[in-house]
Amino acid sequence: MKVAVYPGSFDPITNGHLDIIERGSKVFDKLIIGVLVNVDKKGLFEIEERVELIKKVTKHIKNVEVISFNGLLIDFLKAYNAKIILKGLRAVSDFEYEFKMALMNNKLDPDIETVFMMTSAQYSYLSSSSVKQVAKFGGCIEGLVPKEIISDVVRRSKI
């Protein structure tokens with residue numbers, strides 16, 4: 001069974017993330033969405049809220065599981081018998097950072113492979129940070145995040 005982990009802070013989950021999840025779920029037998037605390041970013045949603053938002057927008061995908069974690073990604077993979085890290089790439093600038101992370105993860109555990117998946121072109125500009133910025137200033141986030149969570153993002157952005 002090919003088990004992959006798609007890690008990220010997903011704060012909030014965007015249509016770009018969902019695109020990778022939907023496509024990744026067709027490639028792997030099981031896809032675990034690893035929701036992490038990113039100490040370098042100020043969060044819009046608490047980790048438990050992010051898990052629930054992701055579950056809400058992925059409930060139609062049967063082989064996806066959403067789990068929060070804190071710590072090393074390699075340890076998370078081992079805990080769930082996963083050998084593959086799935087990473088979405090928007091641009092060459094993403095690749096440079098993700099390539100270094102893939103090398104580090106492989107150094108920590110040579111049995112772990114990182115698979116890169118290009119984001120669909122219509123989402124190549126999209127990031128959680130840009131969604132937060134647009135929502136904070138009252139802009140329309142329709143088409144940027146799954147419709148099921150638009151009201152959650154708008155409501156939280158006004159706080």
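Placement of Cβ uses the backbone N, Cα and C atoms for every residue, glycine included.
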Listed co-binder of ATP (same site as S9, F10, H17, G88, L89, R90, Y123, S124, Y125, L126, S127, S128, S129, source Swiss-Prot) among E96, E98:
E98
Cα-Cα distance linking S9 (substrate binding site) and S124 (ATP binding site), given in Å to the nearest integer:
18
Integer Cα-Cα distance in angstrom, E98 (ATP binding site) to K87 (substrate binding site):
8
Just how spread out is the ATP site if you go by the largest Cα to Cα distance in Å among S9, F10, H17, G88, L89, R90, E98, Y123, S124, Y125, L126, S127, S128, S129?
18
